[in-house]
Amino acid sequence: MKIALLTSGGDAPGMNAAIRAVVRTCVYYNIEAYGVRDGYKGLVEDNFRHLHSFDVGQMIDRGGTILGSARLDSFKNEEVVKKAIDNLRKRSIDGLVVIGGDGTFKGAMALEAQDFPTIGIPATIDNDINGTEYTIGFFSALDTSMEAIDKLRDTSFSHQRCTVVEVMGRDCGDLSIYSGISCGAEIVVTSETGYNETEILERIQKAKNQGKRHLIVVVAENITDVNQLAKKIQTNTGYDARATVLGYIQRGGSPSAFDRVLASKMGILAVELLKEGKHNLATVSQGLHVNSMSLSKVLYEKADKPNLYRYLEKLR
Ligand code: F6P
């Protein structure tokens, strides 16, 4: 049997641990493993390499992805997908493991639509894949944002400022709300809360009137221009205010223990599913377990996530 693997979309800490787990599990079952360079681009451009056990040594602790990653918009096109499948079939590859976020999973579904057996492993700092409680990389990125906001808190307190911090997460507020709770932020603004500037300014004003020395406001990316918001806070509330965009620092760094273990469990399961002839599936974390779920369900069925915003209400 032969299995290929790729990483695609925004990189996330723990992708290397997942690659290692897939390759080592293949070796364990005498399956040949092939790494594809730079996501779906490498699949289309025929950029494959046979991977051995030693190729994935010394990397469980490394951030980024040794295979490289890319976003390939044209992978929606049937002809492009056909070309990728031709490249897989000419090597007699039986199945593909794709590691990434929602765009990666859509690519997996396009391959399945043309009958190529594929398994998805959710890895993105956004934690925006519905069917899995957690994605690989989320908790590592959270640790990074928490450490950064802790540092901002020091200077925020010293100078009696309102500190506005922009956290990544495209359309999903998970990284913001978890960062907010772990750093003791007073206000968290995401696509889930909506953006009501008047209300935000009123709340900050109220905190000022109550004598709060300083304030942390976490804002998810794509919500508003945080520098402009800081200026408005300064003009309207009496707080001196500064904004910081954490940006891509959240995507890098060594994965947390949780992400390494999650990636290892998911990598093993992905290979075992293909070995058993199962595909069109994603690995998902459910409580303490790693299970599988159909790709379409994991992508499109809204999961019942806990409402963390109600905790914030009681903590500020
Ligand atoms: O999906 C992860 C993520 O970091 C998002 O939080 C962010 O919106 C996006 O990727 C940025 O993507 P790019 O690397 O293409 O700029």
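Every residue gets a Cβ built from N, Cα and C, even glycine.
Look at TrEMBL and you will find D126 tagged as active site, proton acceptor. Residues within less than 8 Å, Cβ to Cβ, of D126 (active site, proton acceptor) and separated from it by at least 6 positions along the same chain comprise G10, G101, T135, F138, M168, G169, R170, D171, C172, D174, L175. Under the three-state DSSP scheme, D126 (active site, proton acceptor) falls in the coil class.
Annotation source TrEMBL lists ATP binding site at G10, R71, L72, G101, D102, G103, T104. Annotation note: R71 (ATP binding site) sits in a coil segment as assigned by DSSP.
Applying an 8 A CB threshold to same-chain residues 6+ apart, the list for E186 (ADP binding site) reads R203, A207, K212, L215, I216, V217, R316. Here TrEMBL flags R20, A21, V22, V23, R24, R153, G184, A185, E186, K212, R213, H214 as ADP binding site.
Cβ environment of D102 (ATP binding site): G9, T124, D128, I129, L299 lie under 8 Å away, each six or more residues apart in the same chain. Classification of D102 (ATP binding site) by DSSP places it within a helix. What TrEMBL lists as Mg(2+) binding site is D102.
According to TrEMBL, the feature substrate binding site maps to T124, I125, D126, R161, M168, G169, R170, E221, R242, Y248, I249, Q250, R251.
On the 0 to 100 pLDDT scale, the domain 'Phosphofructokinase' (2-274) averages 97 in the predicted structure. For 2-274, the entry in TrEMBL reads domain 'Phosphofructokinase'.
Among the binding-site residues R242, I249, R251, the residue whose Cα lies closest in space to that of R71 (ATP binding site) is R251. Each residue contributes its Cα atom, and for R24 (ADP binding site) and R242 (substrate binding site) these two points are 47 Å apart. Cα spacing between V22 (ADP binding site) and T104 (ATP binding site): 17 Å, rounded to the nearest whole number. Sequence-distant contacts of R251 (substrate binding site), defined by Cβ-Cβ distance under 8 angstroms and a gap of at least six in the same chain, are G10, D11, A12, P13, G63, I125, G137, A141, M168. The least crowded of the binding-site residues V22, L72, M168, I249, judged by other CB atoms within 10 A of its own CB, is I249. Report note: the ATP site is defined by G10, R71, L72, G101, D102, G103, T104, and the residues of the same chain whose CB lies within 8 Å of the CB centroid of those residues, excluding them, are S8, G9, G39, G100, K106, G107, T124.
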